[in-house]
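Listed in TrEMBL for this protein:
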BINDING   124, 187, 219, 250, 393  UTP binding site
BINDING   220  substrate binding site
């Protein structure tokens, strides 16, 4: 008995001790944030205060939560009817009054990211992807085409971050005559914290010069609070808008789908969904994508970061978890407003570790927009064709969308009918192609890839004009060697290695 008693006491002691440490950390954080706020100019106090309040809530939750946030034993496959096949939704057809349905829609693009992973400065949305068109150009063209075709007024809303806001606003002037109303709002700006001390590394509110590394936009889960705080949510509701379609601006497959919209507005059972997540079947390339599961009688998005280490392989298996989240989401505006006012949107915290240029280890606390699915009523997954997920994260992706695999029509890319199978080739370009400007320099023109299955390129390789690639092509220039693929060359099921210089005579 004495042993049990002392064990119980020491456990109580350790949890009490942890509680004391937590309180001390929260207090120190509050002191530091107050110091930062005190450096704000009068015109920035209001929004800085909102940002720091939001961060404080997130930090509080971060201190409370320990370990992976899901109990693996509770994860179940979603019930049959909770993930509908797209074909079934499409089979219902469209009503005659599709324009009135469209007028209830707002398109929101997540535009907070920089093009750094592709060696570009400035917003990723301003990178040229096709015939000189940027991601933003294509988005505006798509919505303009919709508005002209149906005589509607679907607006575009961009969620910018402090990294992308200025450059994006400058560019928006060029669309002033297009038939799309464009609104922007900024996501929050949160302080990065030192991994050791768990205190902010910023000393004041400025985020230019040497202070740029002190701040970060806290992931796209921040959309709910920022959209609400900006006042834009209320304005759009007042205009009679009912749903937003949210997607990443670099997903070129995320176009407005009239069948899904109709399903939302005119549900077959009369009960409207507040949240629809488009999912698609996993391939070997998508093993890390978040998946929809049933958890405590709710649909729930589970990301790889939340999975206990022992179950990561199971999570990645294509046979057990067959689908993943495309981050194309349809959400009811009234539901966002209701949940935001009750402070009832629950999203797991993603702890994102970073190492700054000077070698300092920091962490940033983030949330993901899709994780809120469990807070909404009557949520639904729709299993959509792969063509609705066409993200451009790397120059390998860029090569696919620039090639003749796709044709461009009114801002939308569709796979060429000449391609015999519906999947895209697997393309791996080496580190010499990582930056967009290097990549563009290495292709005199984009090769014909209609019959390509697999392309791997490594080392110092350039492509002449009108090259055709078929089957599996592997080109490897060893260190110090260079390979120039000559103009007009046809490579079919070939491995090219060594040294190949084409000299101009």
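Just so you know, glycine gets a Cβ as well, placed from its N, Cα and C.
What TrEMBL annotates, mapped onto the structure for a quick look.
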residue : record                 : CB count, 10 Å
124     : UTP binding site       : 24
187     : UTP binding site       : 27
219     : UTP binding site       : 23
220     : substrate binding site : 24
250     : UTP binding site       : 22
393     : UTP binding site       : 14
Listed binding-site residues among 124, 250, 393 whose Cα sits within 10 Å of residue 220 (substrate binding site): none
Pairwise C-alpha maximum, in angstrom, for the residues (124, 187, 219, 250, 393) that bind UTP according to the record: 21
